[in-house]
Amino acid sequence: MPLGERGGWERSESRYCGVETDFSDDVPSLLSFHISTGGFDYVLAPLMNPSYRPSLVEGNGSDTQVLPVSGSDLVLAPSQWSSHVVGKISSWIDLDSEDEVLRMDSETTLKQEIAWATHLSLQACLLPTPKGTSCANYARCVNQILQGLTNLQLWLRIPLAKSDGDSMDATSEGLNDSWEQWNLFRLLCEHDSKLSVALDVMSTLPSETSLGRWMGESVRAAIISTDSFLTNARGYPCLSKRHQKLIAGFFDHAVQVVVSGNPVHNLPKAPDSNSEGTQRHPLRSYLDYVAYLFQKMESLPEQERIELGYRDFLQAPLQPLMDNLEAQTYETFERDSAKYIQYQRAVAKALVDRVPDEKAAELTTVLMVVGAGRGPLVRASLQAAEETDRKLKVYAVEKNPNAVVTLHNLVKMEGWEGIVTIISCDMRFWNAPEQADILVSELLGSFGDNELSPECLDGAQRFLKPDGISIPSSYTSFIQPVTASKLYNDVKAHKDLAHFETPYVVKLHSVARLAPSQSVFTFTHPNLSTKANNQRYKKLRFNLPSDAGSALVHGFAGYFDSVLYKDVHLGIEPTTATPNMFSWFPIFFPLRKPVEVHPDSPLEVHFWRCCGSSKVWYEWSVSSPTPSPMHNTNGRSYWVGL
């Protein structure tokens with residue numbers, strides 16, 4: 001039975017818990033014991049008798065040799081095989097062994113077991129951990145198998161071993177970082193997008209930064225040995241604080257827990273037998289503790305629950321200068337009260353600075369909202385005027401004729417006719433009848449300037465008084481390198497160059513942020529620069545933390561932070577993000593070829609903002625430690641309409 005029902009978690013795969021078992025040729029009894037009696041959701045069970053070796057049965061003159069599998073497919077219904085059994089490929093196989101007989105036996109057995117699992121309609125199979133430092137033949141065979149799979153998932157078992165120098169856990173010979181083992185294997189697999197990881201969680205854990213890398217990888221299961229559990233004061237199994245935090249992170253990333261091993265806790269005597277004399281499952285206390293950790297998870301906030309469907313979902317950025325937004329899009333943005341509270345604070349401060357208290361009754365401030373949409377900034381500005389007891393005259397400039405209809409209805413409904421003048425025009429081409437004291441806009445994109453705010457506000461700047469105030473007064477874009485296996489594979493699935501040269505708006509979730517973000521481009525308004533255009537270039541250098549271990553960079557997450565006015569900020573950069581704001585998701589710049597980085601080797605990145613006569617585009621590349629191709633959005637219709 002699922003671990004529990006928590007608000008927002010009911011759709012997560014992490015609510016299912018499995019148990020690793022030994023081989024059994026009586027699968028119905030195996031399921032009855034572990035699922036019906038034990039309460040687990042599925043078994044991770046060997047499909048083939050572990051003593052089987054093809055070389056020992058071949059050449060006996062029989063072409064009808066029956067494989068020693070765990071039982072006929074008829075002993076369970078197809079739905080039971082699919083939902084209650086994850087196949088475990090024989091752990092003895094070694095496809096890179098120097099022993100030719102073992103190597104050939106391993107390849108034959110692997111293919112036979114995968115074929116049997118496919119026949120049973122299993123959802124997943126667990127591949128054994130690569131042995132030794134070489135896994136080329138293993139990866140070749142798995143890659144060959146992956147090409148023919150449609151529904152079956154393959155999980156590669158990898159020990160979550162320490163990567164720092166002290167008290168190193170043993171992994172494969174010559175490898176001191178299990179991530180390196182996983183990375184080598186998946187790089188050898190051309191079809192690695194169909195390959196996932198099952199992590200063996202040890203009693204000791206790597207550093208926090210080293211563990212963080214896995215949150216951006218395609219981890220499907222965390223196998224926890226009973227040896228990893230501590231004992232609480234009552235004699236029951238529990239996990240260390242660090243293990244608890246790790247498991248909570250796995251739950252949040254839809255990773256399923258599998259309990260493995262024999263019971264190692266001598267539990268207090270209790271009336272655990274039912275009326276029929278059936279004994280309590282020996283691993284039930286471990287399952288109960290995993291369920292307790294799951295049920296401890298806080299319910300997702302309402303907004304997070306709404307955004308669940310957007311997690312790691314690639315979306316093209318909006319182009320409001322070229323396209324007219326739809327009513328549903330406006331409505332989504334208008335629900336973001338946190339954003340408009342910040343705007344109201346900024347306008348209130350600007351009004352107080354613009355008009356001293358002694359002149360509040362006689363001076364009227366001219367405020368222009370450029371890109372007024374359906375009126376939320378108009379409302380915020382008027383509320384700021386009421387709050388500060390200042391007189392206001394508002395021009396609401398909007399190019400979308402559909403939104404202008406809504407604006408007229410709003411002004412009439414609220415009785416703003418004597419205060420608000422609606423202008424149906426592109427702000428860049430409007431000839432204002434007077435100059436503004438305050439210019440308010442909401443033209444920022446996920447990367448700050450990517451929705452052409454600099455070009456639009458430079459065009460509107462001519463009707464701002466020389467000492468006028470622009471809200472926002474400045475904004476800065478930021479990037480940081482990320483491991484984002486799912487996003488990379490989703491882009492790769494399109495099988496063309498264009499999608500790798502497209503920045504995407506994404507609700508980032510299954511990503512590992514490898515280094516703190518760094519600023520890229522800054523724009524200030526009013527723009528007093530003598531530059532002919534808003535073209536920019538920035539070279540950045542990122543260093544991984546010394547205890548992080550190596551990682552694979554799939555691309556860059558982009559953010560912005562803006563100064564609306566003085567100390568009033570608005571943004572999504574992780575360290576300064578405006579709380580409870582949801583109008584912007586980060587932007588993702590993919591790399592055509594992921595770059596492996598190491599703590600002792602800086603990542604050198606180049607970003608360009610390029611301007612043409614009718615459009616703006618970005619270019620980006622990596623020059624170190626491994627050069628990447630130049631990525632160029634020019635030639636496609638992004639951010640056009642100048």
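Glycine is treated like the rest: Cβ placed from N, Cα and C.
Heads up, TrEMBL stuff is auto-annotated, nobody curated it.
Under the heading active site, proton donor/acceptor, TrEMBL lists E442 (among others).
Neighbour density for E451 (active site, proton donor/acceptor): within 10 A of its CB lie 23 other CB atoms from the protein chains shown. As annotated by TrEMBL, active site, proton donor/acceptor applies to E451 (among others).
According to TrEMBL, the feature S-adenosyl-L-methionine binding site maps to Y330, K339, Y340, E398, D426, M427. Neighbour list (K339 (S-adenosyl-L-methionine binding site), Cβ cut-off 8 Å, at least 6 residues apart, same chain): F333, L570, T578, M581, S583.
The domain 'PRMT5 arginine-N-methyltransferase' annotation in TrEMBL covers 303-471.
The domain 'PRMT5 oligomerisation' annotation in TrEMBL covers 474-640. The average per-residue pLDDT of the prediction over the domain 'PRMT5 oligomerisation' (474-640) is 92, rounded to a whole number.
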Least Cβ-crowded entry, counting other Cβ within 10 Å, from the recorded positions listed as D426, E442: D426
Lowest local Cβ density among Y330, Y340, which the record lists as binding-site residues, within 10 Å: Y330
Residue pair E451 (active site, proton donor/acceptor), Y330 (S-adenosyl-L-methionine binding site) - Cα distance, angstrom, rounded: 16
Packing count at E398 (S-adenosyl-L-methionine binding site) (other Cβ atoms within 10 Å of its Cβ): 25
